[in-house]
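Chemist: The structure that follows is given in the form of structure tokens.
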Amino acid sequence: MSGAALGIEIVFVFFLALFLLHRYGDFKKQHRLVIIATLLAWYLCFLIVFILPLDVSTTIYNRCKLAVNSSPAESNGSYVTLAPSKQKCFKPWSYIPNGIMPIFWRVVYWTSQFLTWILLPFMQSYARSGGFSITGKIKTALIENAIYYGTYLLIFGAFLIYVAVNPNFNLQWNQLQTIGIAAANTWGLFLLVLLLGYGLVEIPRSHWNGAKRGYLLMKTYFKAAKLMTEKADAEENLEDIMEEVRKVSESIKYNHPLRKCVDTILKKCPTEYQERMGRNMDDYEDFDERQNSYPSEKSLVKLHKQVIYSVQRHRRTQVQWQILLEQAFYLEDVAKNETSATRQFVHTFHSQEPENKIIQYFYTPTVEWYWECLLRPWFYRVLAVVLATFSVIVVWSECTFFSTKPVLSLFAVFIQLAEKTYNYIYIEMACFLTIFFLSICVYSTVFRIRVFNYYYLASHHQTDAYSLLFSGMLFCRLTPPLCLNFLGLTHMDATISHKKTQPTAYTSIMGSMKVLSFIADGFYIYYPMLVVILCIATYFSLGTRCLNLLGFQQFMGDSEMTSDLIDEGKELIRREKRKRQRQEEGENRRREWKERYGNRDDSTRNRAVHTDQKESSFTETNANRPLSKYTRSNGRTERDRIELLQDAEPLDFNADSVNDDPLESDSGRYQPGGRYLSMSRSKIFDDV
């Protein structure tokens, strides 16, 4: 099993990152380089979280071997070994041979740092650029990132000057590397505590509120009102941009040098706008630079950028509106079915997507009723209590992990108790649950936050390329300090435990932070204590109240604006529900009509075809006969036969004039006198 666990987790994490990226990104429409870069960033960050528990168990086993094999005289060397256990050290099932983990961490860490500080910022500007050529997009990306890269060089230079001026330090390559790592981790830890303080409170609270049906329904109405406003704004913005595109398309003709740029812009427009502009476009006129003023290439680049943004925003709001409608309808169905006497879940509308037959077989209406109306609320309450307990343990450990005598961090206590018995399964499970919970609190906040329309991760393939790349940058910057914080909570970091024990392979890659003592002994230890203040602020919703005061509507139960938006959203959902019901009723009527009269229509159609065949054969037979010698002038016999075959028309007995032969006039033509010319009052019975 040596190295097998590492290989299994590498494959599993890859598919996990691919699944999440498929949920938020669009593989068909977005550029392949954007998908690959984002997938690599997510994959490396998730991989660090899953592999770190294996590094911890391997390190504990190596400490055990070193303690057993070393003599008391050798214990005064570079490492102070632990007391040897009475029983033999057992190799963990997930043991990774020496030499693999340092190389693995070095490749993963420096690749993620290259992505977050160099490649992904450049690709962000490249993806957002409105240039029409690769060279133009690269030029725009370099100009936009000049200030970005200059700021980082300035910060690194400040650290470098500090170390150079201090006479206690001798500058070496390893120390310069440590300074760079310390600068990156300091920035990441600053953001990490902010996100962690929000997630530790909001995740348990969201699950607790998930058990309240009325709360979820009211919040859905609130979201519907806000989303309708955003949807209308997106539609209006798209109309304005399409009007500008239409004007540009009409002014720049087919033989203009910038016509290719206009065609590129038109390809990014929705299909209905492309067809509308194609019908109204006249490309038969040559352009004349002396008479008309044409837009410049720079203005077309700006217009191209606006088209990409407006189309993406419009598509996203449309999809989110449909998803929110389905959610609102389902919550209303749950509220109605709670009082059902049959204990079978009844849906107002059938699912538009075909359901899996296996799921239909097991997840029957009765099972669905028991889960949605009885079990699910209690499950969410129990889960919220468990998550709240984890949050309290994390907050306590963040405030006390610097204490080594006595050990106050609960995570360190758990790991040290398991280390005495060398229970590697327990060690790995405890480490995995700890770092997994920390990652959920941090990463879920990254998925939830929204910076206006600048950064927003929308599910169902509605996230734009800029937001995907930005999320990859955040993950790569947050994961290393998150792992260092986890090692500090469990006292596996020698900087925190103040013991000269064998460090983990991950800590050895980070280097010794003693080069910057004010960071290692000050910022890394005391700054995480601010998580207590952030948790209190999140619990009392101080951030939500501040945003509400600034004019950004937030869901607050004691706000008058929230009540108005809930009423507005409820009316919008009711209107959409009536519309959906009318559509389904119309489809049901058409389906019933087709089932009832479909066979009759087919038989009628077959009889009509058979009659046409007989008439055609009869006509051919008459055409082959010789003409009769008794024929009336003007073909009266043929006309009489046609009169008998014609449909009867209503007679006008108030006609003032008479027509001798109805067939010689235009049949069915209406005269101002109130009669049809095909009708006549006198000589009706002449043939009789």
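Using N, Cα and C of the backbone, Cβ positions are placed for all residues, glycine too.
In TrEMBL, annotation is done automatically, which means it is predicted and not curated.
Sequence annotations record features per position, and here TrEMBL assigns transmembrane segment to 6-21, 33-52, 103-126, 146-165, 177-201, 378-396, 425-446, 466-489, 523-542. What TrEMBL lists as coiled coil is 224-251. The region 'Disordered' annotation in TrEMBL covers 576-688. According to TrEMBL, the compositional bias 'Basic and acidic residues' annotation covers 582-617, 635-644. Taken from TrEMBL, the feature compositional bias 'Polar residues' applies to 618-634.
Looking at the shown structure, what environment does each listed feature sit in?
Modeler: Sequence-distant contacts of the transmembrane segment (33-52) (same chain, six or more residues past either end, CB-CB distance under 8 Å): 6, 9-10, 12-14, 16-18, 20-21, 25, 27, 104, 108-109, 111-112, 115-116, 119-120, 123, 127, 431-432, 435-436, 439, 465, 468-469, 471-473, 475-476, 478-480, 482-483, 486, 506.
Residues of the same chain lying 6 or more positions beyond the ends of the transmembrane segment (177-201) and with a Cβ under 8 Å from any Cβ of it are 113, 117, 155-156, 159-160, 163, 391, 394-395, 438, 440-442, 444-446, 474, 477-482, 484-485, 510-513, 515-516, 519, 523-524, 527-528, 530-531, 533-535, 537-539, 543.
Across the coiled coil (224-251), the prediction's mean pLDDT works out to 93.
Counting same-chain residues at least six beyond the ends of the transmembrane segment (466-489), those with a Cβ under 8 angstroms from any Cβ of the stretch are 21, 24-25, 30, 34, 37-38, 40-42, 44-45, 48-49, 52, 109, 112-113, 115-116, 120-121, 123-124, 127-128, 181, 184-185, 187-189, 191-192, 195, 394, 397-398, 401, 409, 411-412, 431, 434-435, 438-439, 442-443, 446-447, 455-458, 495-496, 504, 506-507, 510, 524, 528.
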Chemist: What residues in the same chain, six or more past the boundaries of the coiled coil (224-251), come closer than 8 Å to it by Cβ-Cβ distance?
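Modeler: Result: 262, 265-266, 269-270, 273, 277, 280-282, 292, 294-295, 300, 303, 306-307, 310-311, 313-314, 316-318, 320-321, 324-325, 328, 553, 565-566, 568-569, 572-573.
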